[in-house]
Amino acid sequence: MSLADPTSDTTPFLSDDSEAEGSEEPGAGPNQRREEEEPASGVSSMRAVFTVIVLCFINLLNYMDRFTVAGVLPDIEQYFGINDGNSGLLQTVFICSYMFLAPVFGYLGDRYNRKMIMSVGIGFWSIVTLASSYTPKEYFWLLLLTRGLVGVGEASYSTIAPTIIADLYIKERRTQMLSVFYFAIPVGSGLGYIVGSKVDDLAGDWHWALRVTPALGLVAVSLLLFVVKEPKRGAIEARPEHTLQRTSWLGDMKALCRNPSFVLSTFGFTAVAFVTGSLALWAPAFLFRAAVFTEGRPPCVKGPCDTSDSLYFGIITVVSGILGVASGAEVSRRLRLRTPRADPLVCALGLLLSAPFLYLAIVFAQASPIATYVFIFLGETFLSMNWAIVADILLYVVVPTRRSTAEAFQIVLSHLLGDAGSPYLIGVVSDSLKQTDSYLWQFRSLQLSLLTCSFVAVGGGAFFLATALFIEKDRQRAANYAPSDDEPIVVPKSGRSTRVPVSSVLI
């Protein structure tokens with residue numbers, strides 16, 4: 001079987017698979033019956049399930065690594081002697097790197113072997129994460145640099161993995177698998193806090209908290225190489241009346257910008273990113289400062305610091321995330337029986353309900369720790385209702401050959417206006433509000449700056465309500481998409497692929 005054969009285990013890493021898509025030879029002989037029984041994606045049902053499990057495991061590792069730093073933030077602040085603004089930079093630098101590299105991997109993911117791209121990216125991420133754990137205290141800038149490089153690996157994975165699931169499943173089954181995939185976000189985030197805080201406690205050194213995920217990352221690469229099989233792009237959604245053709249990157253971007261459901265849902269997801277990014281970095285530190293101010297807990301003067309708040313917040317994040325993702329998918333499924341606008345309406349409901357609970361959690365921190373944790377739990381549960389649904393919206397309003405590019409565009413915009421700047425912004429506002437360096441103002445200034453999250457959540461809900469006005473039309477347009485006469489097609493030229501207008505070959 002040649003490397004260009006679309007039924008082979010992988011698509012060639014540095015060749016355009018559009019040539020292979022039309023290269024099946026008629027008359028398969030003894031293998032004809034087997035090929036007829038093979039799923040359109042080229043991946044058996046059992047292999048597809050294992051593929052989703054591996055992708056979920058890697059997604060969980062990504063978010064574990066992302067929030068391990070937040071779980072030991074008081075130790076990092078004490079070790080490097082940094083203020084809130086510099087602490088926020090740890091998350092901002094990572095998100096900026098991740099954000100700006102996403103379009104690169106989105107372009108590659110729509111054109112080359114996705115399995116190999118992810119394997120290289122995750123291997124690089126594991127090495128850099130391990131290196132960041134050896135940063136000396138005089139070189140805080142080096143920790144910032146390594147956290148930025150971690151974004152390379154995450155960008156290579158997050159833009160591509162959902163498109164593989166989309167090429168394995170359709171309709172309700174796809175929604176179910178995406179829900180499983182996005183369970184890994186809150187669960188992995190929560191485990192990041194839990195693992196980070198417990199390893200810090202056991203080892204007495206926060207550096208060891210950053211050495212857990214790299215070892216698991218090497219396991220993830222092995223699973224990708226030996227378990228995951230590259231599915232055929234868009235084959236499971238193929239329609240007999242036409243064949244999807246890949247257009248240029250500029251053409252893809254123009255089409256995405258003319259897709260109101262995609263654009264508006266991306267802005268709504270930006271609000272989710274802003275809120276989750278702010279809470280992810282600052283919530284444990286805020287709860288720690290609240291305990292110092294209201295309960296007389298000893299402040300962190302010398303490490304290791306008390307990380308119990310990170311542990312509790314991690315447990316809340318795991319449980320609320322599971323409940324939120326599951327309830328969001330189930331409510332959306334039931335509501336679809338009544339209206340095709342169910343998905344954006346459920347997303348809007350989740351954000352609008354999370355806003356008052358997050359506001360109450362921040363306000364009650366000085367009065368009742370128990371009430372604070374209860375309100376955080378409710379706020380995060382409603383916020384988590386969005387994860388799987390937003391991904392599903394993107395996949396059914398965008399044609400298969402543009403999905404990695406769409407994922408990358410959504411990552412760039414949502415992080416650029418969301419969690420790329422929100423941790424740093426919250427830290428800077430907190431520093432500017434401090435009137436003195438007392439424990440009172442360390443708590444109060446961060447409390448006031450975090451109140452911003454509630455108002456951003458309300459704005460995000462408004463964007464999802466606007467998405468509901470266009471979702472039905474845009475979904476039908478994607479489902480019935482056919483290339484227009486002036487779109488480029490691929491024809492062979494001297495053994496290579498080239499793109500020419502249809503009019504130049506229709507004589």
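The backbone N, Cα and C atoms fix where each Cβ goes, and this holds for glycine too.
From a predicted model like this one, the values you see are computed outputs, not experimental measurements.
As annotated by TrEMBL, compositional bias 'Polar residues' applies to 1-13. Here TrEMBL flags 51-477 as domain 'Major facilitator superfamily (MFS) profile'. As annotated by TrEMBL, region 'Disordered' applies to 1-40. Sequence annotations record features per position, and here TrEMBL assigns transmembrane segment to 48-64, 89-109, 116-134, 140-165, 177-196, 208-228, 262-291, 311-332, 344-364, 370-399, 411-429, 449-471.
Note on the domain 'Major facilitator superfamily (MFS) profile' (51-477): its mean pLDDT in the predicted model is 82. The stretches the transmembrane segment (177-196) and the transmembrane segment (411-429) do not meet in space: the count of Cβ pairs below 8 angstroms, excluding pairs fewer than 6 apart in sequence, stays at fewer than three. Sequence-distant residue pairs (6 or more apart) of the transmembrane segment (262-291) and the transmembrane segment (48-64) include fewer than 3 whose Cβ atoms are under 8 Å, leaving the two stretches without contact. Among residues of the same chain six or more beyond the transmembrane segment (140-165), those with a C-beta under 8 A of the stretch's C-beta atoms are 51-52, 55, 58-59, 62, 65-66, 69, 76, 80, 82, 86, 89-90, 93-99, 101-102, 104-106, 109-110, 114, 117-118, 120-126, 128-129, 131-132, 174, 177-178, 181, 228, 230-231, 233, 391, 394-395, 400, 403-404, 407-408, 411.
Fewer than three CB pairs closer than 8 A are found between the transmembrane segment (449-471) and the transmembrane segment (311-332), and contact between the two stretches is not assigned (pairs 6 or more residues apart).
Remote same-chain partners of the transmembrane segment (89-109), defined as residues 6 or more beyond its termini with a Cβ less than 8 Å from a stretch Cβ, comprise 66, 69-70, 73, 76, 117, 121, 143-145, 147-152, 154-156, 158-160, 163, 249, 277, 280-281, 404-409, 411-412, 415-416, 419-421, 423-424, 427. Scored on C-beta pairs under 8 angstroms, the neighbour of the transmembrane segment (311-332) with the top count among 48-64, 370-399, 411-429 is 370-399.
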